[in-house]
Structures are given as C-alpha cells and as structure tokens.
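K.L.:
Supplied in structure tokens, the structure appears directly below.
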Amino acid sequence: MAVKKLADLLKEGVEGRHVLVRADLNVPLKDKVITDPGRIDASLPTIKALTEAGARVIVAAHLGRPKSPQDTQFSLAPVAEALSQRLDQYVALASDVSGEDAHERANGLNDGDVLLLENVRFDPREKSKNDAEREELASELAALTGDNGAFVSDGFGVVHRKQASVYDVAKKLPAYVGYLVEKELEQLSKCTDDPQHPYAVCLGGSKVSDKLGVIKALAPKVDTLIIGGGMCYTFLKAKGYGVGDSLLEESMIDECKNLLSEYSDKIVLPSDIVVGKEFDANTEHKTVSADGIEDGWMGLDTGAESIKTFGERLNGAKTIFWNGPVGVFEFEAFANGTKGLAEAIAEATKNGAFSVIGGGDSASAVRNLGFADEAFSHISTGGGASLELIEGKTLPGVAVLDR
C-alpha cells in the first residue's frame with residue numbers, strides 16, 4: 001500500500017501551512033472529567049511534530065454519539081483543556097465544526113498554534129449515508145486549511161468509518177497518515193501478516209453477533225481461541241448447558257454449535273462462572289460450574305479455575321490478541337476474571353510473547369485495573385478498527401489514502 005506518511009509531509013515543509021489533523025479524542029467522561037486520557041496522549045506525537053515544525057494545526061475529532069449540537073455534554077471543551085495542559089500551550093476551541101467561528105479562528109492562527117474544532121458529530125453530515133452531504137462537509141473542512149493545506153489521518157479508532165472527517169476529506173487535500181495510525185498498522189500487522197505461532201486470541205464482550213465475523217476469520221488461523229464475557233453464555237447454551245438469566249442470543253446458538261463442532265480443539269470456554277442475582281455491583285454472588293447456572297442467576301464474571309486454564313493455554317504463546325473483557329469489570333466483585341486474564345497475558349508478554357490489547361473496553365479495563373501500558377506489547381486505540389483489521393476487512397479511512 002503506497003500511503004504517504006507524516007515524515008513525508010514534514011520533509012516537504014509545513015511552516016506557515018494549515019494542517020487538518022483527524023484525531024481520535026473520544027475519551028470517557030464522568031461529570032465532564034476525563035477518566036482515561038489514553039487517546040489524547042496517543043495523539044500528542046503527531047500534533048507536537050507539526051507544531052514544532054511551524055504548522056498551523058486544526059484538529060477535528062468527535063466525542064460520544066450526540067443527537068444534536070444542543071447535546072452540550074458532548075462538547076470537546078474538556079478535551080481542549082486537556083490538550084492545552086499536555087502540549088503546554090493554549091488550544092482554542094471553535095464553537096462550531098466548519099462555520100464562521102471555525103473559519104475566523106483558523107485564519108487567525110500563527111505558526112505553531114493549535115485549534116480544536118467542536119465535536120464533528122454535532123454536524124449531521126459527518127455520519128450521513130448520503131455521499132453528497134458528507135462531501136459537502138468535507139469540502140468545508142478542507143477550506144479551513146486555505147490554499148496550501150494538508151490532511152493528516154491520525155484517528156485510528158475511526159479509520160473503519162466512512163465519514164466526512166475521516167474518509168471524504170482525504171480526497172480533498174494532500175493526505176498523509178500520522179504517527180499513531182502508522183504505528184497501529186505496523187503493530188497489528190504482526191497479528192495479521194504471518195503471525196508467530198502458537199497464536200492465541202482471547203475474545204470477550206457481550207454479543208456473539210458483534211464478533212462472529214472475527215471468530216470465523218480467526219478460527220482457522222489460530223492455535224487457541226479463548227471465549228469469555230457475555231458472549232460465552234450463548235456458546236455454553238450451544239453445548240446444552242443451562243445458562244439461567246445470563247445474556248443469551250438465541251439466534252446465534254446454531255452458529256455457535258457449528259463453530260464448536262468444527263474447532264473443538266481450539267475453542268476454550270470457561271469451566272466455572274461467577275453468578276449474581278442481579279446486574280448490580282452489590283448483588284449476592286457465588287461461583288458455580290459452567291454447567292450449573294440455575295434459573296434466577298446470571299453469569300457476571302469468569303471463574304478462577306477458568307482463568308487458570310486460560311493462563312495455561314497462553315503460556316508459551318508467541319502472539320496474543322485480546323479484545324473484550326471477560327466479566328463486568330466495572331463492578332469490583334466481577335472484575336477478577338478480566339484482571340486475571342490481563343495478568344496471564346502480561347506474564348506471557350514477559351516470557352517473550354507479542355501481545356496486543358485490541359482497544360475499546362479491553363484497553364479501558366487494563367488501565368482501570370492498574371496495569372501499565374508497558375505490561376503489553378501494544379495497546380490499540382481502536383476497538384472496532386482493530387477488530388476489522390484482524391478480521392481482514394479493508395479500512396475505508398486507510399484505503400482512501402492509498403493513491
């Protein structure tokens with residue numbers, strides 16, 4: 001793939017030029033306070049390289065899923081503040097995405113300045129299914145950069161989206177990949193292009209339907225496929241076990257039966273489950289055998305015996321990819337499974353495995369549970385994007401840069 005890189009743009013020279021950077025700054029907030037700044041930190045190397053080279057940087061990003069511009073809880077104001085602190089310079093926030101204020105502020109930028117546009121998803125054209133509407137917003141964003149602008153794609157968490165600020169704008173300006181996207185593609189390729197064996201994949205999360213494509217794509221290629229989290233109950237049901245009130249996708253039972261029959265030597269399911277009476281942090285709970293979940297109880301975490309088995313299967317692996325927690329880690333009583341799996345992967349990494357934490361909830365989980373990023377080979381910033389790449393899908397936001 002012939003994609004131009006940020007290093008190429010810096011070589012061409014950016015002093016005095018407006019550069020639009022699409023970053024992924026979609027950080028978790030609680031009462032307008034950022035609880036995990038990981039994605040902001042991951043975007044800094046690209047922004048800093050541009051400001052230090054004298055570019056006038058305009059950052060486009062989204063936060064959450066706002067219904068309208070009046071949805072002020074999704075304003076990027078806390079992100080502008082966090083960027084200002086981390087860059088040690090004032091980062092202005094435009095009050096709109098591509099309107100009058102954005103233009104005025106973009107025109108007023110000096111070399112090395114940074115402007116953050118308001119949440120691009122405040123503009124319904126960003127995610128429009130109508131190509132012409134997206135193109136229109138993309139043209140307005142490109143216009144912010146004037147006559148000699150450039151576009152840098154550095155939001156790995158959104159490159160699987162065909163959206164105006166990710167895909168369409170890349171066709172309007174000279175386009176480059178930023179340091180983060182370059183690093184993500186390089187690291188994830190170690191799981192897709194001839195990975196070292198034994199290769200183990202751990203999949204958690206709630207729905208089989210969300211991960212079915214990945215499971216089908218990976219099962220023939222991997223040596224071990226560990227399945228936990230909410231989606232394991234549909235697999236347990238497919239084995240003929242009762243699952244009580246646990247999360248269950250009836251429509252996926254036959255798919256799970258087929259997978260279990262074809263890959264019985266590779267698929268590893270929990271042997272014990274921590275069950276609770278209700279989906280609540282303080283609910284009554286106990287550990288039961290995977291085939292012993294009674295009515296009135298729901299599976300909320302992976303049991304200690306299962307985690308021990310998972311660890312044994314991961315021991316000696318050369319490549320490990322993990323996406324999705326294996327329990328309700330947000331509740332302390334049900335975080336042990338996810339923590340235990342993270343410990344097993346960290347241990348395997350210490351012993352020479354190349355490990356990737358595939359973004360999204362898994363990345364938040366390992367950080368919230370106190371693991372240093374260095375405990376793993378790579379923590380991806382993109383949940384959906386990393387899964388689609390692992391599955392072998394084309395990422396529109398990357399493919400569009402290949403010119």
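Placement of Cβ uses the backbone N, Cα and C atoms for every residue, glycine included.
The feature substrate binding site is assigned by Swiss-Prot to D24, L25, N26, R39, H62, L63, G64, R65, R121, R161, with sequence analysis given as support. Taken from Swiss-Prot, the feature ATP binding site applies to K211, G299, E330, G359, G360, D361, S362.
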K.L.:
Which of these binding-site residues is closest to D24 (substrate binding site) if you go by CA atoms: K211, G299, G359?
P.N.:
G359
K.L.:
Can you grab the distance from G64 (substrate binding site) over to E330 (ATP binding site)? Cα atoms, rounded to a whole Å.
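P.N.:
About 19 Å separates the two Cα atoms.
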K.L.:
Calculate the distance in Å between the alpha carbons (Cα) of S362 (ATP binding site) and N26 (substrate binding site), and round it to a whole number.
P.N.:
15
K.L.:
Counting distance between Cα atoms, which of the binding-site residues K211, G299, E330, G360 is nearest R121 (substrate binding site)?
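P.N.:
Minimum Cα distance from R121 (substrate binding site) across K211, G299, E330, G360 lands on G360.
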K.L.:
Taking the binding-site residues one at a time (H62, K211), which has its Cβ surrounded by the most other Cβ atoms within 10 Å?
P.N.:
H62
K.L.:
For substrate, what surrounds D24, L25, N26, R39, H62, L63, G64, R65, R121, R161 with a Cβ no more than 8 Å from their Cβ centroid?
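P.N.:
Along the chain, the qualifying residues are A61, N119, G157, V158.
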K.L.:
Output, ordered by sequence, the same-chain residues six or more apart from G359 (ATP binding site) with a CB under 8 Å from its CB, or 'none'.
P.N.:
G157, N323, I379, S380, T381, G382, G383, G384, A385, S386
K.L.:
Counting other CB atoms within 10 A of each CB, which of the binding-site residues G64, G299, G360 comes out lowest?
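P.N.:
Comparing Cβ neighbour counts within 10 Å for the binding-site residues G64, G299, G360 gives G64.
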K.L.:
Taking each of the binding-site residues D24, E330, D361 in turn and counting other Cβ atoms within 10 Å of its Cβ, which one has the fewest?
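P.N.:
Relative to the other binding-site residues in D24, E330, D361, E330 has the fewest Cβ atoms within 10 Å.
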K.L.:
Which has the fewest other Cβ atoms within 10 Å: N26, S362, the binding-site residues listed?
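P.N.:
Among the binding-site residues N26, S362, the lowest count of other Cβ atoms within 10 Å belongs to N26.
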K.L.:
Using only C-alpha positions, which one of K211, E330, D361 is spatially nearest H62 (substrate binding site)? These are the binding-site residues in the record.
P.N.:
D361
K.L.:
Whole number in angstrom, please: the longest C-alpha to C-alpha distance across K211, G299, E330, G359, G360, D361, S362 for ATP.
P.N.:
24
K.L.:
For the C-alpha pair, I'd like the distance in angstrom between G299 (ATP binding site) and N26 (substrate binding site), rounded off.
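P.N.:
Spelling it out, the Cα of G299 (ATP binding site) and the Cα of N26 (substrate binding site) are 30 Å apart.
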K.L.:
Compare all C-alpha positions of D24, L25, N26, R39, H62, L63, G64, R65, R121, R161, the record's substrate binders, and send over the largest distance in angstrom.
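P.N.:
Per the listed residues, the maximum Cα distance equals 18 Å.
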K.L.:
Any idea what the Cα distance is from N26 (substrate binding site) over to G360 (ATP binding site), rounded to a whole Å?
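P.N.:
Rounded to the nearest whole number, the Cα-Cα distance is 10 Å.
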